[in-house]
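Over in TrEMBL, the protein carries these features:
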type     : residues        : note
BINDING  : 35, 62, 85, 133 : S-adenosyl-L-methionine binding site
ACT_SITE : 207             : active site, nucleophile
């Protein structure tokens, strides 16, 4: 739904709007999506940050202006943060926000202007954590399929194997190859091991309760993922709308329970 149209003219005051949120300064312009209830959104970001280990490699799908990804780069010292967003107008805001990040951040940061649903395996590969913050309609079916397929692999590729049975086809289409290239790229100073791996943690931020329930059902029914935690946030007091932050882990829950029980037994 378009409310104000896709064009605007700067008449008065500062051209950009800046907010300090998630521990960083974020630039927003008229085309950027921002949360009206910044206090509740800050609470959500603080909770989210606790579920991302220091030094993780993160891919942020439906990234917008990069608020979530950049806040993790700053607060969790991520080795890499890859943001994927379909709205090309968000690029300039992202670039300006990167310019205000603390100079001490040693993280490889990139922003890609493309639709992540077109070749989701390409964006998932190489990350420890995948974050999705889709619109109310929820995740695209191709992304759900990709999340299920790699997690169900008999070689358990979600645990950083030496080789993967999932083959990402050789791409020859120039517009797809162009989308893979980062529109904004900042290289970190530290050289990290780039061995192949797949996400073991999925963090889902939802503003649509019905679509979230349906997406969760598909992820859980195959036992490719299990839900470890879920938190609800009231962004709009006086309404029935809630924002959900859910944390999924790769693999069936029963395997994780046995693993924890075995660990307790050996420590006694």
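Cβ atoms here come from the backbone N, Cα and C positions, even for glycine.
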### Query
Counting every protein chain present, what is the number of Cβ atoms, excluding its own, within 10 Å of the Cβ of residue 133 (S-adenosyl-L-methionine binding site)?
20
### Query
Checking the binding-site residues 35, 62, 85, 133, which are within 10 Å of the residue listed as 'active site, nucleophile' at the Cα level?
133
## Note on the structure
Filtered by Cβ under 8 Å and at least 6 apart in sequence, the residues in the chain of residue 62 (S-adenosyl-L-methionine binding site) near it are 84, 85, 86, 116, 132, 133, 134, 135
### Task
Specify the count of other C-beta atoms within 10 Å of the C-beta of residue 85 (S-adenosyl-L-methionine binding site).
25
### Task
Measure from the Cβ of residue 35 (S-adenosyl-L-methionine binding site) and count the other Cβ atoms within 10 Å, all protein chains considered.
17
### Longest CA-CA distance among 35, 62, 85, 133, per record bound to S-adenosyl-L-methionine, angstrom
17
### Query
What is the total of other Cβ atoms whose distance to the Cβ of the residue listed as 'active site, nucleophile' is within 10 Å?
18
